[in-house]
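Below is one structure, written out as structure tokens; comments come after it.
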Amino acid sequence: MHINVVGAGPDLVMLHGWSMHSGVWHELAEGLAERFTLHLVDLPGHGQSDWQEGQFELPLLLSELEQKLPDNAVWLGWSLGGLICLAMQQRYPEKVRKLSLMATTPKFVGCETWPCAMAPSVLESFASNLHVDQKQTLQRFLMLQAKGAVQSRETIRELSEQLATQHAPQPEALRQGLALLLQTDMRDALSQATCPLQLILGERDTLVPASMPDYAKKLNPALDVTMIDGVGHAPFIAQPQRCQELIEIFIDG
């Protein structure tokens, strides 16, 4: 697993979302690196990380992260990365002193007890389309992340450019990442979390509905929630300075 370490100061681990790589953080990371030592992780089969079968099985993934990253760090996860961060805090609480979740929900797929999420068919359609045309499927996903946002074209362009800076993600890594999004339920991890938790959301996110924080705060009333107006599923791209400010206030608090 490739981890790029930059900056100086307290440790801050950053996990990207599905189909991307650590370079997607570049503008936010540039600002945060002035105050923190950033551990920019490429998840298995993404960016500069190699791929071996089974690496996206959650116990194995968490074990590898535990071995390669410092104790008592702040963790920041975007989308799928945030889901993994929640699992990490539950399994290895000594690794995570504070947790910032960006456009993340403890359960991405809706059900009777969790109506504030996507229908399973949305992710299932991406999974089936990956077999037909991976490049087009990834482009559709990028467009979905920016859908409805004020700066949708700029966000799509930035995500597309970042995706193109590395080789394409491994197909099996993409499939297993989607399986995690479909099957993982971290509501217990959220409700039982012992560290401070921050949630930064885009008000126009089509993947994490704006109603989700109401349900999340019932699980953990101490959750620190900020909703950024006019922003979709990639707040740190649309408003990097605002996100940096929120993260620094949270870490300093």
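Along the chain as shown, the residues are counted starting at 1.
In case you wondered, yes, glycine gets a Cβ from its N, Cα and C as well.
Bear in mind that TrEMBL entries carry predicted annotations, made automatically and left uncurated.
What TrEMBL says about this one:
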- 12-237: domain 'AB hydrolase-1' (DOMAIN)
- TRP18, SER79, LEU80, PHE141, LEU142, MET143, LEU144, GLN145, HIS233: substrate binding site (BINDING)
- SER79: active site, nucleophile (ACT_SITE)
- ASP205: active site (ACT_SITE)
- HIS233: active site (ACT_SITE)
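On the structure: features taken from TrEMBL.
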residue : record                   : Cβ neighbours (10 Å)
TRP18   : substrate binding site   : 25
SER79   : active site, nucleophile : 26
LEU80   : substrate binding site   : 23
LEU142  : substrate binding site   : 22
LEU144  : substrate binding site   : 18
ASP205  : active site              : 26
HIS233  : substrate binding site   : 29
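Taking Cα separation as the measure, ASP205 (active site) is nearest to LEU144 of the recorded positions TRP18, SER79, LEU144. Cα to Cα, TRP18 (substrate binding site) and SER79 (active site, nucleophile) are separated by 7 Å.
Per-residue pLDDT, averaged across the domain 'AB hydrolase-1' (12-237), gives 94. Under the three-state DSSP scheme, HIS233 (substrate binding site) falls in the coil class. Between the CA atoms of LEU142 (substrate binding site) and SER79 (active site, nucleophile) there is a gap of 13 Å. For the substrate site, whose annotated binding residues are TRP18, SER79, LEU80, PHE141, LEU142, MET143, LEU144, GLN145, HIS233, the maximal Cα to Cα separation is 17 Å.
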